[in-house]
């Protein structure tokens, strides 16, 4: 009696929830593409391009965002079709997919929590070592990227201008002056900060934004699982009742 009473409400809530998932999946795919194509992010990608994979760590994050959007889109599709058609197959597949996604996200959050500080240290060490290799004569993608970041954020080096040798300070560190020669002394007098803290502010904003989206989707996914179980139980009871009447 309880399942029969909650069924209509559960079905329509599940329809609305999965329509929201479907639209959210499309939005995440669009956000991931925008994230990868944004000029500022493109330059940060070149700075963080130190993985053994053909993609940088920032590109991997953008691709994961797109992949997550595709998975959410498919989950919403299965959930909506399952609720609309009262299909146990779609509903069971929906429950399994949501459960797998929740477990994967839990594992990812635990991994980030365990290795976050260690990862920050490694990233900072890599960036400092790359800055020391800055090539004035034949600038490549990295040099163009660090010049863009230093000009945009009015910063110099990773910790400070002392990450460079005195004779190899890029002009982008002195972009606010009219001098054609840039030295550590000039940068120090101008009070120009290092770029690392400013870069982490940008990446922290995007990371916090993505985490908030994922946490919200996790909570809604749990609600969706309970609603799907309610609808699935109703269809099983209805099928059992119909078969019993047929045999009688």
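Using N, Cα and C of the backbone, Cβ positions are placed for all residues, glycine too.
Copied from TrEMBL, the annotated features are:
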- 156-174: disulfide bond (DISULFID)
- 12-37: transmembrane segment (TRANSMEM)
- 57-79: transmembrane segment (TRANSMEM)
- 91-115: transmembrane segment (TRANSMEM)
- 209-231: transmembrane segment (TRANSMEM)
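DSSP assigns residue 156 (disulfide bond) to coil in the three-state reduction, outside any helix or strand. Panel annotation: around the transmembrane segment (57-79), residues 14, 17-33, 35-36, 41, 44-45, 48, 50-51, 90-91, 93-94, 97-98, 101, 123, 203, 210, 214, 217, 221, 224, 228 of the same chain, lying at least six beyond its termini, place a Cβ under 8 Å from a Cβ of the stretch. With a cut-off of 8 Å between Cβ atoms, the residues of this chain six or more beyond the transmembrane segment (12-37) that come close are 45, 59, 61-63, 65-66, 68-80, 82-84, 94, 206, 213, 217, 220, 223-224, 227-228, 231.
The number of other CB atoms found within 10 A of the CB of residue 156 (disulfide bond), across every protein chain shown, is 31. Within 10 Å of the C-beta of residue 174 (disulfide bond) we count 21 further C-beta atoms, all protein chains included.
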